[in-house]
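Everything on this sheet refers to the single structure shown next.
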(Lines of atoms letter the chains of each structure in order from A and count residues from 1; the text may use other names and numbers.)
(Lines give C-alpha, C1' and ligand atoms only; values in the text may rest on other atoms or scores of the structure.)
Protein backbone atom coordinates (compact mmCIF):
# COMPACT_ATOMS: atom_id res chain seq x y z
CA UNK A 1 0.00 0.00 0.00
CA UNK A 2 1.21 3.49 -0.82
CA UNK A 3 1.79 5.22 2.50
CA UNK A 4 1.25 8.63 0.84
CA UNK A 5 -2.42 7.86 0.23
CA UNK A 6 -4.60 8.91 3.14
CA UNK A 7 -8.19 7.88 3.61
CA UNK A 8 -10.67 10.62 4.39
CA UNK A 9 -14.35 10.66 5.26
CA UNK A 10 -14.65 14.22 3.97
CA UNK A 11 -16.52 14.62 0.66
CA UNK A 12 -14.18 15.41 -2.19
CA UNK A 13 -13.83 18.95 -3.48
CA UNK A 14 -14.30 19.09 -7.25
CA UNK A 15 -13.87 22.32 -9.20
CA UNK A 16 -16.88 21.83 -11.45
CA UNK A 17 -16.81 25.52 -12.32
CA UNK A 18 -13.46 25.03 -14.05
CA UNK A 19 -14.21 21.80 -15.87
CA UNK A 20 -14.09 21.87 -19.69
CA UNK A 21 -17.08 23.38 -21.46
CA UNK A 22 -19.67 21.02 -22.92
CA UNK A 23 -19.13 22.88 -26.19
CA UNK A 24 -16.07 23.10 -28.41
CA UNK A 25 -14.86 24.91 -31.52
CA UNK A 26 -16.75 28.01 -30.41
CA UNK A 27 -14.95 30.17 -32.95
CA UNK A 28 -16.48 28.07 -35.75
CA UNK A 29 -20.06 28.64 -34.62
CA UNK A 30 -22.45 31.22 -36.03
CA UNK A 31 -23.65 34.08 -33.84
CA UNK A 32 -27.07 32.42 -33.62
CA UNK A 33 -25.54 29.12 -32.49
CA UNK A 34 -23.46 30.87 -29.82
CA UNK A 35 -26.47 32.76 -28.49
CA UNK A 36 -28.67 29.67 -28.42
CA UNK A 37 -25.95 27.65 -26.69
CA UNK A 38 -25.48 30.32 -24.01
CA UNK A 39 -29.22 30.58 -23.48
CA UNK A 40 -29.46 26.80 -23.15
CA UNK A 41 -26.80 26.85 -20.45
CA UNK A 42 -28.39 29.82 -18.68
CA UNK A 43 -31.61 27.86 -18.29
CA UNK A 44 -29.73 25.49 -16.00
CA UNK A 45 -28.99 28.32 -13.58
CA UNK A 46 -32.54 28.80 -12.29
CA UNK A 47 -32.80 25.06 -11.62
CA UNK A 48 -29.54 25.09 -9.66
CA UNK A 49 -30.74 28.08 -7.63
CA UNK A 50 -34.07 26.36 -6.96
CA UNK A 51 -32.23 23.38 -5.47
CA UNK A 52 -30.37 25.76 -3.17
CA UNK A 53 -33.53 27.39 -1.75
CA UNK A 54 -33.52 25.38 1.53
CA UNK A 55 -30.03 26.71 2.33
CA UNK A 56 -30.96 30.24 1.24
CA UNK A 57 -33.97 30.03 3.56
CA UNK A 58 -31.78 28.94 6.48
CA UNK A 59 -29.47 31.89 5.94
CA UNK A 60 -32.27 34.45 5.63
CA UNK A 61 -34.02 33.19 8.76
CA UNK A 62 -30.77 33.61 10.69
CA UNK A 63 -30.08 37.07 9.25
CA UNK A 64 -33.47 38.68 9.96
CA UNK A 65 -33.42 38.55 13.79
CA UNK A 66 -29.84 39.78 13.79
CA UNK A 67 -30.75 42.76 11.63
CA UNK A 68 -33.71 43.55 13.88
CA UNK A 69 -31.12 43.93 16.65
CA UNK A 70 -29.00 46.30 14.56
CA UNK A 71 -26.94 43.77 12.64
CA UNK A 72 -25.58 44.23 9.14
CA UNK A 73 -24.67 42.08 6.13
CA UNK A 74 -21.17 42.11 4.66
CA UNK A 75 -20.66 40.64 1.21
CA UNK A 76 -17.08 39.64 0.40
CA UNK A 77 -15.68 38.61 -2.97
CA UNK A 78 -13.09 39.18 -5.67
CA UNK A 79 -13.53 39.97 -9.34
CA UNK A 80 -17.03 39.36 -10.68
CA UNK A 81 -18.19 37.92 -7.36
CA UNK A 82 -17.03 41.01 -5.46
CA UNK A 83 -18.61 43.36 -8.00
CA UNK A 84 -21.95 41.59 -7.72
CA UNK A 85 -21.87 41.94 -3.94
CA UNK A 86 -21.16 45.66 -4.22
CA UNK A 87 -23.93 45.98 -6.83
CA UNK A 88 -26.54 44.29 -4.66
CA UNK A 89 -25.55 46.29 -1.59
CA UNK A 90 -25.72 49.57 -3.52
CA UNK A 91 -29.32 48.90 -4.55
CA UNK A 92 -30.65 48.63 -1.00
CA UNK A 93 -30.77 52.37 -0.14
CA UNK A 94 -32.69 53.49 -3.27
CA UNK A 95 -34.98 50.46 -3.35
CA UNK A 96 -35.85 50.11 0.32
CA UNK A 97 -34.83 53.44 1.85
CA UNK A 98 -32.27 51.88 4.16
CA UNK A 99 -28.90 53.44 5.06
CA UNK A 100 -25.89 52.41 2.93
CA UNK A 101 -24.19 51.12 6.07
CA UNK A 102 -26.75 48.31 6.51
CA UNK A 103 -25.56 46.03 3.70
CA UNK A 104 -21.95 46.53 2.66
CA UNK A 105 -20.12 45.01 -0.28
CA UNK A 106 -16.37 44.53 0.09
CA UNK A 107 -14.23 43.60 -2.91
CA UNK A 108 -10.61 42.47 -2.91
CA UNK A 109 -8.55 45.44 -4.05
CA UNK A 110 -11.11 48.03 -2.95
CA UNK A 111 -13.10 50.36 -5.20
CA UNK A 112 -10.34 50.37 -7.82
CA UNK A 113 -11.14 46.70 -8.44
CA UNK A 114 -14.70 47.56 -9.48
CA UNK A 115 -13.36 48.65 -12.87
CA UNK A 116 -9.83 47.32 -13.07
CA UNK A 117 -8.07 44.17 -11.86
CA UNK A 118 -5.84 44.66 -8.82
CA UNK A 119 -2.88 42.30 -8.89
CA UNK A 120 -2.73 39.69 -6.11
CA UNK A 121 -5.52 41.37 -4.11
CA UNK A 122 -7.60 38.21 -3.85
CA UNK A 123 -4.59 36.22 -2.60
CA UNK A 124 -4.28 38.28 0.60
CA UNK A 125 -5.58 36.11 3.45
CA UNK A 126 -5.66 38.84 6.11
CA UNK A 127 -6.91 41.96 4.33
CA UNK A 128 -10.55 40.86 4.33
CA UNK A 129 -10.73 40.61 8.10
CA UNK A 130 -8.84 43.89 8.45
CA UNK A 131 -11.52 45.56 6.35
CA UNK A 132 -14.28 44.02 8.45
CA UNK A 133 -12.68 45.29 11.66
CA UNK A 134 -12.48 48.76 10.11
CA UNK A 135 -16.28 48.56 9.96
CA UNK A 136 -16.40 47.53 13.65
CA UNK A 137 -17.95 44.16 12.83
CA UNK A 138 -19.71 42.43 15.73
CA UNK A 139 -21.67 39.27 16.51
CA UNK A 140 -24.97 40.75 15.30
CA UNK A 141 -23.54 40.98 11.79
CA UNK A 142 -23.39 38.39 9.01
CA UNK A 143 -20.54 37.76 6.57
CA UNK A 144 -21.45 36.22 3.21
CA UNK A 145 -18.57 35.07 1.02
CA UNK A 146 -19.12 34.99 -2.73
CA UNK A 147 -16.79 32.96 -4.94
CA UNK A 148 -17.63 30.65 -7.82
CA UNK A 149 -14.58 28.49 -7.13
CA UNK A 150 -14.95 28.59 -3.36
CA UNK A 151 -11.19 29.03 -3.02
CA UNK A 152 -10.59 32.81 -2.84
CA UNK A 153 -8.06 33.43 0.01
CA UNK A 154 -9.30 37.00 0.65
CA UNK A 155 -12.78 35.64 1.35
CA UNK A 156 -11.79 32.47 3.19
CA UNK A 157 -9.46 34.33 5.54
CA UNK A 158 -12.18 36.81 6.46
CA UNK A 159 -14.79 34.11 7.00
CA UNK A 160 -12.44 32.04 9.16
CA UNK A 161 -11.73 35.02 11.41
CA UNK A 162 -15.41 35.94 11.53
CA UNK A 163 -16.35 32.47 12.76
CA UNK A 164 -13.65 32.63 15.41
CA UNK A 165 -15.35 35.80 16.68
CA UNK A 166 -18.80 34.19 16.80
CA UNK A 167 -20.11 35.95 13.69
CA UNK A 168 -22.60 34.19 11.41
CA UNK A 169 -21.10 33.21 8.06
CA UNK A 170 -22.68 32.13 4.80
CA UNK A 171 -21.37 31.69 1.29
CA UNK A 172 -22.41 31.35 -2.34
CA UNK A 173 -20.31 29.01 -4.47
CA UNK A 174 -20.61 26.94 -7.64
CA UNK A 175 -18.58 23.98 -6.38
CA UNK A 176 -19.46 21.35 -3.76
CA UNK A 177 -17.43 20.89 -0.58
CA UNK A 178 -15.17 23.89 -1.19
CA UNK A 179 -12.72 25.41 1.32
CA UNK A 180 -14.97 28.47 1.49
CA UNK A 181 -18.02 26.35 2.32
CA UNK A 182 -16.03 24.77 5.15
CA UNK A 183 -15.84 28.22 6.77
CA UNK A 184 -19.57 28.88 6.35
CA UNK A 185 -22.18 28.17 8.99
CA UNK A 186 -24.69 28.06 6.14
CA UNK A 187 -23.12 27.32 2.74
CA UNK A 188 -25.16 27.84 -0.42
CA UNK A 189 -23.84 25.53 -3.13
CA UNK A 190 -25.31 26.42 -6.51
CA UNK A 191 -24.00 23.79 -8.91
CA UNK A 192 -24.51 25.29 -12.37
CA UNK A 193 -21.97 23.05 -14.12
CA UNK A 194 -19.13 23.95 -16.49
CA UNK A 195 -19.21 27.37 -18.09
CA UNK A 196 -19.87 27.88 -21.81
CA UNK A 197 -16.41 29.40 -22.12
CA UNK A 198 -14.32 27.12 -19.91
CA UNK A 199 -13.68 28.70 -16.51
CA UNK A 200 -15.46 31.99 -17.30
CA UNK A 201 -17.36 32.21 -14.04
CA UNK A 202 -18.78 35.64 -14.89
CA UNK A 203 -21.31 33.67 -16.97
CA UNK A 204 -23.54 31.04 -15.30
CA UNK A 205 -21.94 31.39 -11.88
CA UNK A 206 -22.29 35.16 -11.95
CA UNK A 207 -25.90 34.93 -13.10
CA UNK A 208 -26.72 32.51 -10.30
CA UNK A 209 -24.94 34.64 -7.71
CA UNK A 210 -27.00 37.67 -8.72
CA UNK A 211 -30.21 35.66 -8.47
CA UNK A 212 -29.36 34.46 -4.97
CA UNK A 213 -28.27 37.90 -3.79
CA UNK A 214 -31.60 39.27 -5.05
CA UNK A 215 -33.42 36.57 -3.12
CA UNK A 216 -31.51 37.18 0.10
CA UNK A 217 -31.87 40.95 0.26
CA UNK A 218 -35.43 41.08 -1.07
CA UNK A 219 -36.70 38.49 1.40
CA UNK A 220 -34.81 40.13 4.26
CA UNK A 221 -36.22 43.58 3.43
CA UNK A 222 -39.75 42.19 3.18
CA UNK A 223 -39.32 40.54 6.58
CA UNK A 224 -38.10 43.87 7.97
CA UNK A 225 -41.29 45.59 6.80
CA UNK A 226 -39.79 47.61 3.95
CA UNK A 227 -42.43 46.47 1.44
CA UNK A 228 -46.20 46.97 1.66
CA UNK A 229 -48.36 44.65 -0.42
CA UNK A 230 -45.99 44.33 -3.35
CA UNK A 231 -44.75 47.91 -3.47
CA UNK A 232 -41.48 49.71 -2.64
CA UNK A 233 -43.13 52.13 -0.24
CA UNK A 234 -39.78 53.13 1.29
CA UNK A 235 -37.91 53.78 -1.96
CA UNK A 236 -35.83 56.93 -2.29
CA UNK A 237 -37.38 59.62 -4.48
CA UNK A 238 -34.22 60.18 -6.49
CA UNK A 239 -35.75 61.10 -9.87
CA UNK A 240 -38.99 62.15 -11.55
CA UNK A 241 -39.87 58.59 -12.54
CA UNK A 242 -39.79 57.46 -8.92
CA UNK A 243 -41.72 60.51 -7.72
CA UNK A 244 -44.40 59.67 -10.27
CA UNK A 245 -44.40 56.01 -9.25
CA UNK A 246 -44.69 56.95 -5.58
CA UNK A 247 -47.50 59.37 -6.33
CA UNK A 248 -49.46 56.64 -8.09
CA UNK A 249 -48.94 54.30 -5.14
CA UNK A 250 -50.52 56.91 -2.89
CA UNK A 251 -53.40 57.42 -5.32
CA UNK A 252 -54.04 53.67 -5.35
CA UNK A 253 -53.94 53.47 -1.56
CA UNK A 254 -55.80 56.67 -0.64
CA UNK A 255 -57.81 57.61 -3.74
CA UNK A 256 -56.46 61.18 -3.89
CA UNK A 257 -56.11 63.40 -6.95
CA UNK A 258 -52.66 63.30 -8.58
CA UNK A 259 -51.51 66.77 -7.51
CA UNK A 260 -52.61 66.28 -3.92
CA UNK A 261 -50.96 62.85 -3.74
CA UNK A 262 -47.72 64.23 -5.18
CA UNK A 263 -47.67 67.14 -2.74
CA UNK A 264 -48.24 64.74 0.15
CA UNK A 265 -45.39 62.54 -1.05
CA UNK A 266 -42.94 65.41 -1.42
CA UNK A 267 -43.88 66.75 1.99
CA UNK A 268 -43.14 63.49 3.79
CA UNK A 269 -40.36 62.08 1.62
CA UNK A 270 -41.59 58.50 1.23
CA UNK A 271 -44.75 56.68 0.23
CA UNK A 272 -45.06 54.95 3.59
CA UNK A 273 -44.62 58.13 5.61
CA UNK A 274 -47.07 59.99 3.39
CA UNK A 275 -49.75 57.30 3.72
CA UNK A 276 -49.23 56.94 7.48
CA UNK A 277 -49.41 60.72 7.98
CA UNK A 278 -52.59 61.04 5.93
CA UNK A 279 -54.31 58.18 7.76
CA UNK A 280 -53.26 59.65 11.10
CA UNK A 281 -55.08 62.84 10.14
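Even glycines carry a Cβ here, placed using N, Cα and C.
Here the structure is a predicted model, which means the values were calculated and not measured.
Residues annotated as active site, proton donor in Swiss-Prot, with sequence analysis given as evidence: 91. The Cβ of residue 91 (active site, proton donor) has 15 other Cβ atoms within 10 Å, all protein chains considered.
When secondary structure is read from DSSP and collapsed to three states, residue 122 (active site) falls in the helix class. The active site annotation in Swiss-Prot covers 122.
Sequence annotations record features per position, and here Swiss-Prot assigns domain 'SIS' to 63-226 based on sequence analysis.
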Between residue 122 (active site) and residue 91 (active site, proton donor): CA-CA distance (Å): 24
Set of same-chain residues at least 6 away whose C-beta sits under 8 angstroms from residue 122 (active site): 78, 79, 108, 109, 152, 153, 154, 155
